[in-house]
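The domain 'DUS-like FMN-binding' annotation in TrEMBL covers 37-297. The FMN binding site annotation in TrEMBL covers 39, 40, 41, 93, 192, 246, 247. Per TrEMBL, the feature active site, proton donor maps to 122.
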């Protein structure tokens, strides 16, 4: 057993607990809005997932992990994926363009997660150049093959295999892709309502609605959701089974619990969780910069963003917000 499997902080009791917890498929059949934390490179790691779960987030994704690196490198496994007993339900998102490598990666994480997701939506140039991400929406046969291989290799029938996509300009192509994926055994589909070329243009919620109406499996809506009210509006507007949020949660990890801006208690919780889990300073500080964006003046931001140590951050929070580091 390599050091990844030894070091990962999961044990048999966790697996027993996970088996008793609602799996994601059951969540989607509850009839309630399923609130999902998006995969975010550098950000949706264990500490942040722990925080948003305290504030009504139902399902969390890891950051996107390149399956080939994950399978071939112990170092990549140790750095890219950590979890613990309370970190479920959990979906591990992979960037992949090879069915065998993806199924190998899925087998490695299977005991520690509820499912995997194939990234078919990342529009970044490096991902497209490697044959990952959004270029896969134009390769439905490869997507089918990857889903099939994972299904064949992972013995646990409750282990989910999902995809996250962007839409085509010609929506009939997207519907066709989704139907093929559904026929191959995809558990659910997350739809970011923009094309590969679109960045900050309005989200096409109507397109997400059409896709949902064409499917029998659950569909998650994604794109520009910044509050619980917006999440509920998109849920009703699209008829989907859940909503996935990225930047809205970075700015306000308590969003799904109905807070309009990050409450001080949430900031205190982040300090507590991040220090307990040994979060690197850069990540610890960056999350606080996002969380405090709305509640700090321009001058305060200038001072806070220039801080360069954990002790300086704790002193600042104690002085300005009465957050006592001794707690």
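The backbone N, Cα and C atoms fix where each Cβ goes, and this holds for glycine too.
Just so you know, TrEMBL annotations never went through curation; they're auto-generated.
Whole-number maximum of the Cα to Cα distances across the FMN-binding residues 39, 40, 41, 93, 192, 246, 247: 17 angstrom. Across the domain 'DUS-like FMN-binding' (37-297), the model assigns an average pLDDT of 96. Cα-Cα distance from residue 192 (FMN binding site) to residue 122 (active site, proton donor): 10 Å (rounded to the nearest whole number).
Counted within 10 Å of its Cβ, the other Cβ atoms near residue 40 (FMN binding site) come to 19, all protein chains included.
Long-range neighbours of residue 39 (FMN binding site) (same chain, six or more residues apart, CB within less than 8 Å of its CB): 61, 62, 63, 64, 91, 93, 117, 119, 164.
Its Cβ taken as reference, residue 122 (active site, proton donor) is surrounded by 23 other Cβ atoms within 10 Å in the chains shown. Looking only at other Cβ atoms within 10 Å, the busiest spot among the binding-site residues 41, 246 turns out to be 246. Listed in sequence order, the residues of the same chain lying 6 or more apart from residue 247 (FMN binding site) and placing their CB within less than 8 Å of its CB are 226. Residue 40 (FMN binding site) sits 11 Å from the residue listed as 'active site, proton donor', taking the Cα positions as reference.
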